[in-house]
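*Asks:* Quick one: this structure, given as structure tokens, is what I'll be asking you about.
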């Protein structure tokens, strides 16, 4: 980076750098979603998930080299296994939805994950939810129904897969919250990264076909985008306040819409846009209320190396970006 630009960047306050990092993260994850959709026409989503996990793990090998095998030491292997199960199923569902739905609609539905987080916080963590937060959650699920527009005479399995991915990401993040009480963030990260490769290998083998040369390049880029998007999200929450940074993550819906229009000729209808607005509005209201009460809630899921998580498959908060770390947004990311 040229010295004048570096000096300008360092002079910016954290609450200016944080949103810029998150905006870049949203662009990267949206682009990753477009690449997943592109390779989905050539490979089964099981294989795409497998290669995303393999190349994602390769980018994390320096952590293993630096920390040694002691990074895998844990007292809670069962909870790690459950967290891997939630995470890999979330990626299977999300990658299927992205491949078979309009990109904007699939990404919009996945932003229901903070709503599922609230439900799980009540059922598993025993948290008490105030009536305003409960009402905002109900409104958010209404937004999901607007996007999905369920037909009582026919099941839309693709939309249900997107919704299932949101619920599974919420489950994975709940496991992360439980694990973070005793486990190092890097331990949580590496257990998931390694377990995801093993868990996705068998389904991928069942539908295996060798990618062509062009597809190989996209698969490598998908793994790189997952790592880069997570890093940018982590930096965003380290630099700025969560309540200021989080809204910029929702720009991912805008970028996904643009990619869908330009690359795949997908024109989202008015209902998709209205539903997305309702989902975003309810999530931001919940975040604002919690900030006013002196607390923050995890706004979404994302995979994040380092001590702050994100999000999904991407997330991950992006596709396959379901969080692999151990901290929470506002605790430092998400």
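Cβ coordinates come from backbone N, Cα and C, glycine included.
Keep in mind that this is a model prediction, so the values were computed, not measured.
TrEMBL lists these features:
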COMPBIAS  309-328  compositional bias 'Low complexity'
DOMAIN    18-148  domain 'EamA'
DOMAIN    160-287  domain 'EamA'
REGION    296-334  region 'Disordered'
TRANSMEM  20-40  transmembrane segment
TRANSMEM  46-65  transmembrane segment
TRANSMEM  77-98  transmembrane segment
TRANSMEM  104-124  transmembrane segment
TRANSMEM  131-148  transmembrane segment
TRANSMEM  160-179  transmembrane segment
TRANSMEM  186-208  transmembrane segment
TRANSMEM  214-232  transmembrane segment
TRANSMEM  244-264  transmembrane segment
TRANSMEM  270-287  transmembrane segment
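Looking at the shown structure, what environment does each listed feature sit in?
*Replies:* Sequence-distant contacts of the transmembrane segment (46-65), counting only residues of its own chain at least 6 positions beyond either end whose CB sits under 8 Å from a CB of the stretch, comprise 36, 39-40, 71, 88, 91-92, 95, 99, 186, 189-190, 193-194, 196-197, 200-201, 203-204, 206-209, 211, 219-220, 222-224, 226-227, 303, 305, 313-314, 320.
Nonlocal intrachain contacts for the transmembrane segment (77-98), taken as residues 6+ away from its ends with a CB within less than 8 angstroms of a stretch CB, comprise 33, 36-37, 40, 45-46, 48-49, 52-53, 106-107, 109-110, 158-159, 161-162, 164-165, 168-169, 171-172, 175-176, 178-179, 188, 191-192, 195-196, 199-200, 203, 301, 312-314, 316, 319-320, 322, 324.
Proximity of distant same-chain residues to the transmembrane segment (104-124), defined by a Cβ-Cβ separation under 8 Å and at least 6 residues beyond the stretch ends, is recorded for 30, 33, 94, 97-98, 133-134, 137, 140-141, 143-144, 147-148, 158-159, 162-163, 165-167, 169-171, 173-174, 250, 252-253, 256-257, 260, 266, 268, 272, 275-276, 279-280, 282-283, 286, 297-301, 312, 317, 319.
Remote same-chain residues near the transmembrane segment (131-148) are listed as 105, 108-109, 112, 114-115, 118-119, 156, 159-160, 163, 271-272, 274-283, 285-286, 289-290 (criterion: CB distance under 8 Å, separation of at least six residues from the stretch ends).
Sequence-distant contacts of the transmembrane segment (244-264), counting only residues of its own chain at least 6 positions beyond either end whose CB sits under 8 Å from a CB of the stretch, comprise 15, 18-19, 21-23, 25-27, 29-31, 33-34, 37-38, 102-104, 106-108, 111, 233, 236-237, 276, 280, 283-284, 287, 299-300, 317-318, 329.
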*Asks:* Within the domain 'EamA' (18-148) only, compute the mean pLDDT.
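*Replies:* Mean pLDDT across the domain 'EamA' (18-148) comes out at 89.
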*Asks:* Summarise the domain 'EamA' (18-148) as counts of helix, strand and coil residues per DSSP.
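*Replies:* The composition, in the requested order, is 109 helix, 0 strand, 22 coil.
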